[in-house]
Amino acid sequence: MRFWALTVLSLLLSLLLGVSSDTAQCGSQAGNATCPNDLCCSSGGYCGLTVAYCCAGCVSQCRNCFFTESMFEQMLPNRNNDSCPGKGFYTYDAYFVATEFYPGFGMTGDDDTRKRELAAFFAQTSQETSGRSIIGEDAPFTWGYCLVNELNPNSDYCDPKTKSSYPCVADYYGRGPLQLRWNYNYGECGNYLGQNLLDEPEKVATDPVLSFEAALWFWMNPHSTGAPSCHEVITGEWSPSEADIEAGRKPGFGMLTNIITNGGECTKDGKTRQQNRIDYYLRYCDMLQVDPGDNLYCDNQETFEDNGLLKMVGTM
């Protein structure tokens, strides 16, 4: 897994630099040297890319550690419930390392904008991985990140319109925090991340860092339907066109639900799932002490043109 690869990288750097594991690699202990490959330098003078290196005490090439492990645990207290199929898979360190690939995530705009994006991302992913039907009804909206693989998929998610570009050689059911689905999504995401996910989609369900990276790929990038990225919407970087305004599409959390579900939860049939997303979001906004903003619902929004590129399906 890539998380362990980072640890190996740190050890290899020690060998290449001709130092022992007890010899400082960076900082004042090493002549104010910085770490290669943009790694963080810890207070002890060692290079790495986890919280221990990049947050408290970090001396150079540090990361934004506003969203702490404690917050992660408070948001997702039941993810390691014994009944959860994904028990032990999702960790704060894996999330933290994955965000390195997307420096704009949670780092765009003022503090409230950053908080709002974090709340929105974890709300949408909590609904996608909800273990409500497994754990039970206690402690409302604490069921997120219980699932890694889609429960009882009713399709192999091979889109005939894109199979010439992205041949279907496996099953492309939902995996990871945003339950990545469809052959084209695995193909495009794999190309972006330098991974052969079309042949090996199971990597999204076996490598925690890659799993978060795949979710963030969908979140951070605009889509071929003409839909903006979720990141652009929630940070205020997207402004609706005249066509968007006529279609009822407005900036806000509801627009994210429209994008992620391709409008599937903006109808009467999807009302319960849409409300779940909103309730997760309100809980997380309260935890982060930020106003959720306007336009939480997508009821009156038209979907973007369906050319087979956005077909994310929510869970109960």
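Quick reminder: no glycine exception, Cβ is built from N, Cα and C everywhere.
Noted from Swiss-Prot: C158 is disulfide-bonded to C168, selected from C146, C168. For C54, the disulfide partner named by Swiss-Prot among C26, C35, C40 is C40.
Residue with the densest Cβ environment among the disulfide-bonded residues C26, C40: C26, by other Cβ atoms within 10 Å. Computed over the domain 'Chitin-binding type-1' (24-64), the whole-number mean pLDDT of the model equals 89.
Here the disulfide-bonded residues are C47, C158, C168, and the one with the most other Cβ atoms within 10 Å of its Cβ is C47. Neighbours of C41 (disulfide bond) among the disulfide-bonded residues C35, C47, C168, defined as a Cα within 10 Å of its Cα, are C35, C47. Under the three-state DSSP scheme, C54 (disulfide bond) falls in the helix class. If you measure from the Cα atom of C40 (disulfide bond) to that of C158 (disulfide bond), you get 41 Å.
Nearest to C47 (disulfide bond) in space, judged by Cα atoms and limited to the recorded positions E128, C168, C298, is E128.
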